[in-house]
Each structure stands twice: as C-alpha cells, then as structure tokens.
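Data first, discussion second: the structure below is written as structure tokens.
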Amino acid sequence: MTDMLQPGARIGILGGGQLGRMLAMAAARLGFDAVIYTPDEDSPASRVAAETVVAPYEDLEAVRRFAQRVDVVTYEFENVPVETAHAAAAHAPVRPDPKALEVAQDRCVEKEFVNANGAATVPWRAVGSRETLGEALDYIGTPAILKTRRFGYDGKGQAALKSRDDAQAAFEAIGARPAILEGFAQFTRELSILAARGLNGEIRAYPLSENRHGGGILKETEAPAEADEVTRSQAFALATNLLEALDYIGLLAVELFDLGDGRLLVNEIAPRVHNTGHWTMDACLCDQFEQHIRAIAGWPLGDPEALAPARMINLIGEDALGWRNWLNAEGAVLHLYGKREVREGRKMGHVNIVERG
Ligand code: ADP
Ligand code: MG
C-alpha cells in the first residue's frame, strides 16, 4: 500500500509533554524519527526525539516549516490551536483531522457533538454570564458542576455547586469565563474506552479501563474492567460512532460514567493517547502509543487484547520522590517522564503493576 509510511519516515508531533515523549519512543521503536514541536525549551518529549522545533504554537511560519519537514503530523495535546493544525495541514497530512480538536477544545461543542451522535451525557447548559447561570440552574438543578468551556484539565477550571447559593462563588472561582453547567452524575464508577481507527477505516478497541480520580485528577486505572457483554458492546458502539463521525485517524479516548443500571454517559473525549491507557504499555502486545503511530502511519492496527490484568498508578507531585520503592515491587514497571521539577498536582510518572498468572 502506497499510503503506508516507510520506516525512516518522520513523524511530527505537536506538543512536548509526557504523551509526546511516549509517542516518540513508540515511533522510534518502529524505525521512525519523531520531530517535536513545542513552545518549551527542554520538554520531556524533545529529550527522546530525533529533533525538536521550539516555537510558539501561534508562529504559523514556524509551523509550516515544521510540517514541510515531516511526513505526517499528529498532536499529543488537545489545546493545540486549531489554526496551528490547519497551517500544518497545508504541508503534511494531519491525523487525526483538526476537526477533532475543534470538538474537544470546547466542552459545549463536545457535548453537542456527542449527543448528536447518539450518546447520552449529563444534562448541560452553556453559561455566558451570571444571569444565564441562573437560567441554567433552573434547568439543571443542584448538585451541579460549573466548568470553563475551554482549557480545563486535571479538574482545573471546575467548581461544584451544592445549592443555588453557591452560584456566584462558583462563577467567580472559575474566573467568570464562558462556562458549561453540568448536572452531577451519580455514577457507580468511571470507565474509559480507547479505540483506534486506521487509514482504511478499520477500528480496534482496548478493553475497558476503570478509573479512579481524586480532586479531578486521575489516580489509578485498573484494566480490563469487569463488565458484562452489554456494557462492553455499548462502549464499543459509542466509540465507533464518534470515530466515524469525525472520520478519525488515530487513537481516541472516551471517558464514561457508568450509572450502574446499564447506562453509560459520555463525560468527555480526548483526541489523543490518554492517561487511562498507560496500562497498555506493559499489558498489551501493542500499546496505545504504538497503536496511534500505526494508525497515523497508515499501518494495520495492532492487537489490543490484554495479556494480563494490570493496575496503573499515577505518580503525582511528590509521589515521584518514592520512585525507588517501585523497582523491586512485585510485577511493577516504572515509567518516569523526565520532568525537571516536582510540582504539586504535576504528573511525574506512572507505575504499571501487571498481574502474573
Ligand atoms: P478534565 O478535563 O479535568 O479531565 P472532567 O470533566 O473529566 O475534566 O472532570 C474530571 C473529573 O471530575 C471526572 O473524571 C469526574 O471524576 C469528575 N466529574 C466531572 N464532571 C462530572 C459530573 N458532571 N458529575 C460527576 N462528576 C464529574
Ligand atoms: Mg477528564
């Protein structure tokens, strides 16, 4: 197939964080050269890549020069400006299509898109001002969560409302920015499904992951999650719909709320490799990073089956200082991201604990 990139080809990655680092390592293992585009000097990804371009995302001239020097462009970060992705697309295929960025960058656009494609979400309303927050509360009721429409991650830019009295404080707490008000999901657990779509339309999904968050940030994932056939096929169908609607090439993550009564709600989607898929690095023949690289390179997708059950533990902030303790732990595999500075709430690495039979 002529659409298949050959080993030695160059893969451009927008974003220099740990996801870019692990994508670059997977690319290297398949014989590709990763070229990172990041505004940061000394990013985690650039230190394992063949080359790096350090420039702001808004420098479209630099973006064009970068895209001219690679065979395909992808992104590891959903807040890459859409114009940046479009500028790159003039010179190299951008996979997944920038359309996925447009959808994922704005929580209201995302929910509208998910609902339009047949998947349920919590009830939600766009909030543009203090006044519309009142109207949204009439519709949603409490408890509820107010979130900024854009740029939220790891639970940042969110405020919980226990009652209407919290409305003003919540709006101020998120910086009085354009927001979304969401009904509070009474879920029994959080799941995610990671699925990839290849250039030829083939789709393969990893087993469901069960994810535990604390303060809005992912702490642990267990996979494969225990789930009946109905739940598994519902999650797969839902991911398939979204992948096809976006004409998506690459790996997509879908975060789910399991209501425990057979219903799954979509929380959010991430058009990239995802923290809840890190367990695949040590429990699957083809991990999520290789799967994404295969997809964007036009290669056949790899085998996403789990060879063994696994638990992924995020090393957040000072957790990482205890890295030595994991070296001799039964079944544990340590992954560190090479971040120079430990900061509270910062993802520094993770550990996969693989259950051996
Ligand atoms: P982020 O972009 O920061 O990951 P999320 O919308 O996924 O934002 O929120 C982070 C976490 O907060 C979720 O994984 C979940 O635990 C909790 N959460 C978010 N929205 C809701 C909701 N509507 N109802 C209940 N819990 C929620
Ligand atoms: Mg999330």
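Cβ coordinates come from backbone N, Cα and C, glycine included.
According to TrEMBL, the features are:
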BINDING   R107, K147, G152, Y153, D154, G155, K156, G157, Q158, E190, H213, N267, E268  ATP binding site
DOMAIN    111-297  domain 'ATP-grasp'
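All features noted in TrEMBL, drawn onto the structure.
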residue: R107; record: ATP binding site; Cβ within 10 Å: 21
residue: G152; record: ATP binding site; Cβ within 10 Å: 19
residue: D154; record: ATP binding site; Cβ within 10 Å: 16
residue: K156; record: ATP binding site; Cβ within 10 Å: 14
residue: Q158; record: ATP binding site; Cβ within 10 Å: 18
residue: H213; record: ATP binding site; Cβ within 10 Å: 14
residue: E268; record: ATP binding site; Cβ within 10 Å: 18
Listed binding-site residues adjacent to ligand 2, that is, members of R107, H213, E268 whose C-beta is under 6 A away: E268
Of R107, G152, H213, E268, binding-site residues neighbouring ligand 1, Cβ under 6 A: G152, H213, E268
Secondary-structure category, per DSSP, in which K156 (ATP binding site) falls: coil
Pairwise C-alpha maximum, in angstrom, for the residues (R107, K147, G152, Y153, D154, G155, K156, G157, Q158, E190, H213, N267, E268) that bind ATP according to the record: 20
